[in-house]
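> Here's a structure for you.
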Amino acid sequence: MSKRRVVVGMSGGVDSSVTAWLLKEQGYDVVGLFMKNWEDDDDGEYCSTRQDWIDVVSVADLIGIDVEAVNFAAEYKDRVFAEFLREYSAGRTPNPDVLCNAEIKFKAFLDHAMSLGAETIATGHYARVRERDGRFELLKAFDHTKDQSYFLHRLNQAQLSKTMFPLGEIPKTKVREIAAQIGLPNAKKKDSTGICFIGERPFRDFLNRYLPTKPGPMKTPDGKLVGEHIGLAFYTFGQRKGIGLGGSKDGSGEPWFVAAKDIASNTLYVVQGHDHPWLLSRELVAGNVSWVAGEPPAEGFACGAKTRYRQADAACTFARAGGERFSLAFADAQWAVTPGQSAVLYDGEICLGGGIIEFAATGQPGHAPAPAAAPALAEAR
């Protein structure tokens with residue numbers, strides 16, 4: 001009887017390496033696949049693709065599996081990076097890792113794996129898949145400190161049915177122990193951080209390569225001019241560092257935070273104090289939705305939601321907001337809910353799916369002009 005073939009997405013990191021070893025130990029016919037999703041465009045100071053590939057080959061040799069490299073740079077540029085630039089140009093703060101998972105790692109990669117005769121794919125993500133009553137559920141990892149279901153919430157039934165997450169029930173500390181015990185050459189390699197195609201290079205420098213600077217006024221909620229910004233695309237809601245007002249003695253003396261953007265007038269609004277009302281929201285509208293089960297929760301469903309990675313689930317109530325949109329009403333005010341980021345819903349351990357945040361209502365008089373999503377929020381009330 002032939003072994004079931006599983007293709008493992010291998011990045012050169014510890015997690016995907018241990019994933020491949022675990023599946024080999026369980027008797028699968030394991031093939032490693034290294035994805036190159038970005039063409040290096042500098043001297044290698046920030047990009048680690050070459051070293052990552054060397055690590056993948058070394059691990060594959062040690063555990064005794066075949067490995068190949070595939071270039072998805074063109075697909076990544078068309079499906080992920082182009083959207084990344086569009087969102088930043090519109091003044092929002094996108095999360096390309098969410099789109100990369102849906103469009104590249106679990107679409108382009110999945111299709112390629114199937115062409116290699118795989119029955120399933122596996123990655124080193126910290127999450128779980130459970131089949132129940134003929135449906136597939138996306139669950140949080142047992143190690144909640146490493147849970148990555150937030151980034152995977154756009155996966156659908158077809159994708160989950162062919163996906164394995166072997167690390168979903170293993171603490172990260174145990175993964176490191178396994179790597180050391182079996183002698184993986186990358187056992188002590190640091191976890192990757194930041195956006196995959198930016199690496200460790202300064203984010204503003206990278207963005208400036210693709211988006212022009214367009215300076216404009218920086219104002220307080222009452223209209224007082226306190227400085228000049230270099231371009232709305234280079235700032236995000238709740239940002240504290242890099243505003244250029246650290247030494248300002250105006251106002252309360254508290255730190256300054258980015259609070260709003262007015263695209264029409266090219267104005268950046270800033271406030272003082274972490275808990276300023278302009279930074280707190282009890283309601284949001286999200287669009288571009290995706291539901292793991294293929295359909296949204298029931299109207300008025302009480303659930304938990306994350307508006308950023310590693311945030312504790314916030315109690316809220318779900319409502320439809322017209323078209324392919326939904327609104328969330330939170331029990332407690334949420335800090336710096338950022339347009340462009342994902343609002344992801346949970347029913348306990350189960351990730352239901354989510355959407356892209358379009359608008360977060362602070363309910364404060366004199367707020368900067370609201371975007372087009374504001375009427376949808378009013379409609380949902």
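Residue numbering: from 1, along the chain as shown.
Any Cβ shown, glycine's included, is placed from N, Cα and C.
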> For the ATP site that Swiss-Prot assigns to Gly9, Met10, Ser11, Gly12, Gly13, Val14, Asp15, Ser16, Met35, which of the candidates Gly91, Gly117, Gly124 is also assigned?
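Site partner of Gly9, Met10, Ser11, Gly12, Gly13, Val14, Asp15, Ser16, Met35 for ATP, according to Swiss-Prot: Gly124.
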> Taking Cα atoms as reference points, rank the recorded positions Gly13, Asp15, Met35, Cys100 by distance from Gln341 (site 'Interaction with tRNA') and give the first.
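So, spelling it out, the nearest of the recorded positions is Cys100.
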> Counting across all protein chains present, how many other Cβ atoms fall within 10 Å of the Cβ of Cys100 (active site, nucleophile)?
25
> Other than its own, how many Cβ atoms are within 10 Å of the Cβ belonging to Asp15 (ATP binding site)?
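Looking across every protein chain shown, the total is 23.
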> Hey, does DSSP put Cys100 (active site, nucleophile) in a helix, a strand, or just coil?
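For Cys100 (active site, nucleophile) - judged by DSSP and reduced to three states - the answer is helix.
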> Based on the record's binding annotation for ATP (Gly9, Met10, Ser11, Gly12, Gly13, Val14, Asp15, Ser16, Met35, Gly124), what whole-number value in Å is the widest Cα to Cα distance?
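In whole numbers, the farthest two Cα atoms are 16 Å apart.
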